[in-house]
Amino acid sequence: MTAHLKRWWPLALLLVLIAAPYSALPLPGLLDGPLGSPGSLQLIALCLLYGGLATGYDLLLGRTGLLSFGHALYFATGLYATDLAMLELDLDLLPAALFGTACSVALALALGAVSLRVTGIGFSMVTLAFAQAGAILVQRNPGGYTGGEEGRSAPAPHLPDALVGIQNTANLYWIALAYLVLTLAVVHWTTASPTGRVWAGIRENERRVEVLGLRPYGFKLLAFTVSGALAGAGGVVYLLLTGGATPQAASSDATLALLVMVVLGGSGTRWGPLLGGVLYTWAAHRLGDLANSAAVADLPAALRVPLSQPLFLLGTLFVAVVYLLPGGLAKLPARLRTGRTPTAAAPAAALPEGAA
Amino acid sequence: MSTVVLLACTGLGLGALYFLVASGLSLIFGLMDVLNFAHGALLSVGAYAAWWAATDGGTGFWLAVVFGTVVGTAASVLLELALIRPLYVRPRDQILATVGVGLALPALLMGVWGSDARPFPQPAALSGTVGLLGATVPVNRFVLMAAALAVLVALRLFLARTRYGLIVRAGVEDRAMVTALGIDVRRAFTLVFAIGGAAASLGGALAGLYFGSVNPSQGTGLLIFAFVVVVMGGMGSVTGAAVASVGVGLVQQFANYYTAAGLGDLSVVVLLAVLLLVKPRGLTGRLA
Amino acid sequence: MSLLTVRDLRVVIDGLHILHGVELDVAATGVTALLGRNGAGKTTTVRAVMGLVPRTGTVTFDGADITGLPTHQVVRRGIGYAPEDRGVFAQLSVAENLRLAERDPDPAYDLVFELFPELKQRHRQAAGTLSGGQQQMVAIARTLLNGNRLVIADEPTKGLAPKIVTEVADVLARAAESVPVLLVEQNLALVRRIAGRCAVLADGRTAHQGDARALLADEDAARRLLGVGSHQPETTAPEGSSR
C-alpha cells in the first residue's frame, strides 16, 4: 500500500494543483487569501515557475556537474526576445514565444560551445562574464529596445484575452503548472536516457568518460542547450505572469538565486530543485511581506534588521544548508532515518586533487 | 589634452581600487582554489565601517580608514575560520558558501543603513583638486593610487622576504607538496584571507572617497571587474594583478568616454571571457 | 621490529578502487624497496601513508597510529618524502626550496652540500631551470635537511641519465646508513645493490614480502611478480643488467 502511495503521490499532487483555482480553502500563514484567489494563484504560479527553472538549472549543476554562473542570461533572453518580438516585430504571443525560446536555444548553443572549451572554475567564470555582458547590455538600453532600468511591459493587444486581467490569473497559473510539468518531464526523460547516463559519468569523473572513448564536450553542450531552452521557455512564462521584462531578470543575482534554490532543495535529486525553487520563491515573498509588517516593525533592532532583509535570511539559510545539510532538503528524510551518520572522516588537510 | 589627463587619472584611480580588491582575490584563488564571491561584500563592510566611524563615530578620516580596514580584516578572517576551513574537502561547497555570504552581507548592510547611497564625509585636505598638465584632477584619485602602490610594495616585500610569503608562493605552485614538507598550510590560508580582507576593506574605505558615497551593492558591483583583473594578471600573481588593474581601469574609462556609454564595461567583461578561452591554463591549470 | 607498518590499506579515488588491502613493513634499518609493475599502486601507497589521499586501514609509525593524521603532522613525526614527480617548486630558487623544508632548528646544510655540492653553486637559480637530476637532488636534499626517522623516496631515478642514477643511488645508500629508507623503484639493479628487504605490489595488493636479493635471485618469482624481462626493457641499469 505504501509502495502504491509512493508511486502515485506525484500524480495526486498534480491533480490537486490543477484543481487549486477552484478551491476557496484558506491557508492562513502560508497564503494571504484563500487558495483560489488571484493573489494566491499568482504567488503559487511564481513558485511553480521557479521550481521548474531550478529543475532545469539542475540539469547542469546536479546532473552534469557544470557550475554555470550565467543561467539568468538564457532566462532573460527568452523573456526579452519574446517581449520585443511582440513589441517591435508585431508578432502574436505564440510565434513570439517560439521566437524567444529559439533565441535562448541559439544563444545557449553558441555561448555554450565557447564556454565549454574551458573546464572547472574557468567555465563558471566564462559563463559569469557572458551573463554579465548581457546584464550590462540590457541595463544600457541599446537603441531604446530594452527600456533600461524600467524594462518593457508586454503589449496587451498582442496577448490573448484569456491571459489578460486579474480575473484570468487561473489561466496563467495553469500555464506555469504546465511549464513545470514539461520541465520535469524533459529532465526526467533526458537523465534516464543513455545521454543522461553519460552526463552522470561526466559529473562523477570526466576523465573516465573520455577513457570510454566518448567526447564529453558534445554531451555537455547538449545539457547546456537543453537547460538554456528550458530557461528561455521559463522566461516566456515569467513574461506572462508579471506582464513585462525587467533588467533584474538578467542580473547575476538571478543566477545566484537559482543556485541557492537548487542547493537548498538538493542538487542532483528528482524533486529537490523543485522543492527548493518553490520554497525559496515562497519565502522571498512571504519574508518580504513579513519585513513590511507591523509585527516586525515593533521588534528590537537586533531582530528587526535581519528579519527585514529576505536576502540576508536566504543567504544565511543557504550557507547553513551548504554547511550542515550537504545534499539539501531532499536528503533530509534519509538523513533523519539513518540517524546521524558520521560524514566520512576525511583526512583533515589532505587535498585530494590531482591524486593519481 | 586636459580631458585625456583627467580620464587617465580617473582610470588609474579606478585601477587602484580594482587592484585593492583583486590582489587578495588573486592570492586566495592562487593558494586555495577558492573563488571568493564574498570579496566584494568585504569591500562593502570596510566601506560602511569607515563611513560609520567617520560620521557616527566622529573620528577623523584617517582613523576611520584604519577602523574600516580592521573591521574588514576581522570579517575576512572570521569567514575563513568559520566557513571556509571546515569545507576544505568540499571545494565546490567552499565557493557556494562564499556566494551565500556575498548575498547575505550586503543585505545586512542594507537592513541596517538602508539601500540608498550615504554621502561619505570628505576631509578638506582631500576634497580639492590639483592642476596637472592643464587638467583639474580630484585629489582623491591620487590618494587611491598611493594606497594601491603602498599595498603593492608591502605585498611584494611580504612575499619575497618572509617565511609565510615563501609558503604562499610555494603553495600557489603546489599546495599538497607544501604540506608534505611538514608545513600546516592552513595557517597560510587564514593569512591570505586576512591580507585579502585588509586590502579589500581598505579599498572600500577609499572607495567612499572616490565615489563620494557608500552603498550596499558597491562591492559586489566591483567584484566582476576584479575577476577580470585576476584572470588577466594570472592567478596568484600580485604584480600581474597590478598591471592588469591599470589596464582595465584605463580601458574602461576611455572606452566609456569616447564611445557609447557602457561600452567600456561591456568590453572589459567580454575581455574576461576571451582571456579565459585563449589561456584557460592561466586559471584552471590545477583544477582541470 | 618494523618502523612503519601498514595494514589493510585501502584507497578509493573518484569511485575507483586503487588499493584493496596493502600490507607493508618497513625495516628499522637500511633500505626497504617497494616494487611492482606500473599501475600496481606503489605511488598511491606512499601517498596514502603520507595522508595525501583519503585512505582507510592502519598505518603505524614507530608504534603510534598515524592513519588519521593530516600530512604535515605525518611529516613532523619524522618522515621525509621525495615524491614521484620530485615536487620541486619551479618558481622558487634552490635556496628557497631548501629553506621551505627546514623543520629542525639546526638544519643539516653541511651534509646536504657535501652530498650535493652542485646545489650550493646553484643556490640562487630557479629550481624550474634545473636539470631533472638536479631537481631530484633538491627533492632528496629536502628530506636529509632534517633529522628524519624515515625517508620515503618515490622512483628517485626515473628518467635520469645512467651516470646520475649511480650518483643518486650512492647518496641513498649513504643516507641509509643513518636513516631507514623506503624506496619505490623500477630499477632492479639498483634495488639489488642497496635494498635489504622488499615488498611487491600487484593490482593494489601486497603480493610478496621478503628479502630483496633472494627475490631477485629467484628468476621464476621475479618474472611472475615483476614481469622482469618482458615488461621493463627500458629500465636503465647503472651497472650490468637486470636480466
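All residue numbers here begin at 1 and follow the chain in the order shown.
Placed from the backbone N, Cα and C atoms, the Cβ positions cover glycine too.
In TrEMBL, annotation is done automatically, which means it is predicted and not curated.
Feature annotations, reproduced from TrEMBL:
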TRANSMEM  B:12-30  transmembrane segment
TRANSMEM  B:37-54  transmembrane segment
TRANSMEM  B:60-83  transmembrane segment
TRANSMEM  B:95-113  transmembrane segment
TRANSMEM  B:142-159  transmembrane segment
TRANSMEM  B:188-211  transmembrane segment
TRANSMEM  B:223-250  transmembrane segment
TRANSMEM  B:257-278  transmembrane segment
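Ranked by the number of CB pairs under 8 Å to the transmembrane segment (B:257-278), the listed stretches B:37-54, B:60-83, B:223-250 are led by B:223-250. Residues 36, 39-40, 43, 140-142, 144-145, 147-149, 151-152, 155, 168, 172, 192-193, 195-200, 202-203, 206-207, 210, 219, 222-223, 225-227, 229-230, 233-238, 240-242, 244-250, 252-253 of the same chain lie 6+ residues outside the transmembrane segment (B:12-30) yet bring a C-beta within less than 8 angstroms of a C-beta in it.
When each of the listed stretches B:60-83, B:95-113, B:142-159, B:223-250 is scored by C-beta pairs under 8 angstroms to the transmembrane segment (B:188-211), B:60-83 comes out highest. Long-range neighbours of the transmembrane segment (B:60-83) within the same chain, counting only residues 6 or more positions beyond its ends whose Cβ lies under 8 Å from a Cβ of the stretch, are 38, 42-43, 45-51, 53-54, 94, 97-98, 101, 105, 121, 123, 126, 189-190, 193-194, 196-198, 200-202, 204-206. Long-range contacts of the transmembrane segment (B:142-159) within the same chain: residues 9, 12-13, 15-17, 19-20, 23, 126, 130, 165-166, 168-169, 195, 199, 202-203, 206, 209-210, 238-239, 242, 245, each at least 6 residues beyond the stretch ends and with a Cβ under 8 Å from a Cβ of the stretch.
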